[in-house]
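Visitor: I have a structure I would like to understand better, so I am pasting it below and will then ask my questions one at a time.
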Amino acid sequence: MKKKTIALFILASLYGATTSAESLTLEESTNKVMQKMNELAELAKDPANVIQKGEQKYLSYKGKELRINFDGNIKFDLMDFHSEFNTVFDFIPSAWETYWYDGGFDIYPGKSDQCKFELFAAARGSKDNEGNYIWERPLSTVLTTTGCPDVTQKESIFFNTNTVTNDLSGNLAGAVLFAQAHIIPANANEQEKRMHLVGERKTKVMLKPENELDYYSTVTVTATDKAGQVLGEIEMKNPSQLAPNVLSMPELTTTNIDFSYDESKAFNVSTPTTEAIATALVDHDTVVMRTWNGHWNRVFDLEQDNPKLDGKTFVFISSAGYNSHVNYYKDRSRTIVNGTTTVFKNVNGVWILQDDLIFNEIGYAQGYWSADLPKEWLKPGLALSFANGDKKGTLNSIKIGAPTELLLNTIDVGMLVEPRGRFDFQKDKEAQREYFETAPVSKMIVNEYEPVHLTEVMLPDGTLLTDHDPSDGGWHGGTMRQRIGKELISIGINNANYGIYSSSGVGEGENPYIAAQLTAHNTRGMYNNGLQTHGGSGGAGMVTLDSSIGNEFSHEVGHNYGLGHYPGGFAGSIHRPANMPNSTWGWDSSKNVFIPNFSPINTGGESCLDGQCVPAFNGMFKYGSDAMAGGWAMYGAQRFTMYTPYSMYFIQKNLESKVVFDKTSSTGFRKWDEATQTMAEYTHRIENMEVTSVNPWDANETKIAALFENFDKVDLSTWNGHWARNMSVPAASEINKGKVFTFNSSAGYNSHLAINGQEMLVPYGSRLTFVSDGQTWVKDAPFESTKAVHPDKYGVPVTTLVGYYDPQAKLDSYIFPALHGAFGYVYSDDSADLIAGQCALEVETQSGSVLKYALKNNRRNADNMNKFHVNVATSDNPVSASVVCDGQVLNTRTIDAPKLAPIYTVQGGDAKARSAAAFFSAPVPRVEATRYEPQVCNHADGEHNH
């Protein structure tokens, strides 16, 4: 039990008389009680204040006659206890319970017997024969706080000081805020773009009553679903327990810390090493280390969590030309530069800098009660009722959106060189968690592919590279960067998960990007200009990364959310104060800390863009910028950039437009339906026809008949400058039965089409479709150009097979080494439906069975091979793969088994999903975030989001 004995005589200056009764903690109150007892004892010494009644003396005070005990202190009367107590201690909240006990009293601010203050009046027994008292005890007190809310040093500088606007209906009025990746108001301004609540994600709810409540009040929040069923009730935490900012140090109970030191008593370390510092601190209270050129080291670590170091001082004086770094507190490091003296002080076993102190004084807002709502409650129709005693306020019409999901496939690829081994995000599970905390998603899966070393590289034009790529490579350039890293591997992995088995070998067009599925890759390759590392681009489901920890990741993934550079200009790209639009803080739900939207470095100044500026917070800390506008991860504990509310609005909108893989759906997928506020079943369809186009001047029955030999559908389009007067199609016959011909006219001149033995006029704006039934071309007849597909296996280890094949058998087809992933989607093969002569990828398994996957029979690009991309369940144990067209084997490769255990992680989601992703991997060194600005490039290939 945590108890404290409080002395009777306490300096009145400890707590001023202006302290609000509503905000007093029990410990503060008891100090004021003893201050008041001391004051009354002094008044009782003045005969003018004393009334004598027989042998008993009384103190006249505010209309009361208070009995004076033998020790000079006041003793309370049982019959008039509450009246006397309330008169003397008018600062004690009326809601607290008080009890008389033998002239003293007990104070209970709450319900717990482990949170109370006891005052025992002085007492003594009867006298013995010599006139001495048999026993005697002085006035004493006991403070028990085990059951009290934890109280840290009170913050005094608040970010959000906006006037409370009532969001509730009922007799309890107050403002409500929510926190997920961002803090958002319960009732946002409709004119302001910011995120709404993500469905099925852990959420903090915060309530600030219009009238401040007693510190020890009980406030509850009760949740009901859309049917009115009670989901549960939670007792809210006291405002003193609202999440602190990420730099607040819980070990500090005061910021009144002296950083001065006596240099004459300091011990000077002779060797600039971590070990020398630690050794010196064992025997010395103040240790000084000096560095200079030739007497220097890069990194130093101060010992953490050692109470024996409490009160000690370490001083770093640098005269070296090189910077040093001192790791001194959890994820914090101080860079030491030439010509500086830096003083570290140890408090309660942890090291601090003077610059750290102010963050124990900065809080998000004052007076907010808080509770964390389980993710299962966050569904449309949720209502929250807040209660304090007989007062109740209800929040209805809470905007809750889709339970969005993000799938990140990750792979490290070396092209004609070994992979770099620096895909830090892939290995750092804590970094994955940190990014999840910045994104408006319910669940994030990170799928790890094994690293790949390509000792030779086939290009879609049939060029086989064995030594180097003859093009000049670079961060944004290089043939292999585009064709292999982005188009073959990234689009290939994505398309395999969509059940699309083949596509054009060049370009990024045949890439549906219907789910929030991204393949992020680290790639490097050997080029004409030497070894080049690629990075800095993102979009359409692909992320090319150099540094994967920091803003390069946030920025390039941001392009995949549909964001451009400097979204919204100044109004959308710069974080702002709480009284302006585009303002928020982040929330790390695992660590329960808020992430401020301003830099922690005291530089003052303004944050500006396009000639508009916002002043620094508290005149000290500059506001940050969006990830798409040159922002960066400003806090070491959160290594990814906080998106602005403006960007977050569009990110969420983008994510809610995507489908999610879902094995509980009969179609295999679901998509958010805004009208019904549900995840409705979604049918995923893929191309089921071989399609080509014909130029107007070539559109005659001979040319089109030849095209129908290889294609199922021929499209003809005209526009000004791309037109011909007369066109014709071959007669309908059994040969072209089921074939489709379309004619879309956007030309200012009429055309004439010979069809079914007649000539028809095709004017501007015509949209014609004909289907052959074997005897005639039927106008507007229905046809199926796509087929519905869904996975057979969900979230299983996969062997992804990619490569190039030439249906014309003129270029050398090529199967790349198998890619091995931990989490993918597998579709049924086409063995039952494959027609004779069909191009196919044939995969033999260890059991001897052969899986056959239909591929396109025609080149999608006239000058290049097609690419294929197929997932096979690793559990099927594939041993070899062959590409076959028209009965001819174009290429064969043996499939190597995976070398590593499959690893994937799940952030958010349900407990079952997280446990399924359990992994055992060695911890990795923490990599700090890197800065990254929007980039501009001039290369001609691919997308240009950098």
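Cβ atoms here come from the backbone N, Cα and C positions, even for glycine.
Note: TrEMBL annotation is automatic and uncurated.
Sequence annotations record features per position, and here TrEMBL assigns signal peptide to 1-21. The domain 'Peptidase M66' annotation in TrEMBL covers 405-661. Positions annotated as Zn(2+) binding site by TrEMBL: His555, His559, His565. Marked as active site by TrEMBL: Glu556.
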Visitor: Within a 10 Å radius of its Cβ, which of these binding-site residues (His555, His559, His565) has the fewest neighbouring Cβ atoms?
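Guide: Per-residue Cβ counts within 10 Å for the binding-site residues His555, His559, His565 bottom out at His565.
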Visitor: Roughly how many Å lie between the Cα atoms of the residue listed as 'active site' and His565 (Zn(2+) binding site), rounded to a whole value?
Guide: 10
Visitor: Between 0 and 100, where does the mean pLDDT of the domain 'Peptidase M66' (405-661) sit?
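Guide: In the predicted model, the domain 'Peptidase M66' (405-661) has a mean pLDDT of 97.
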Visitor: Test of understanding: give the count of other CB atoms lying within 10 angstroms of the CB of Glu556 (active site).
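Guide: The answer is 28.
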Visitor: Could you check what DSSP calls His555 (Zn(2+) binding site) once collapsed to helix, strand or coil?
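Guide: Assignment for His555 (Zn(2+) binding site) reads helix.
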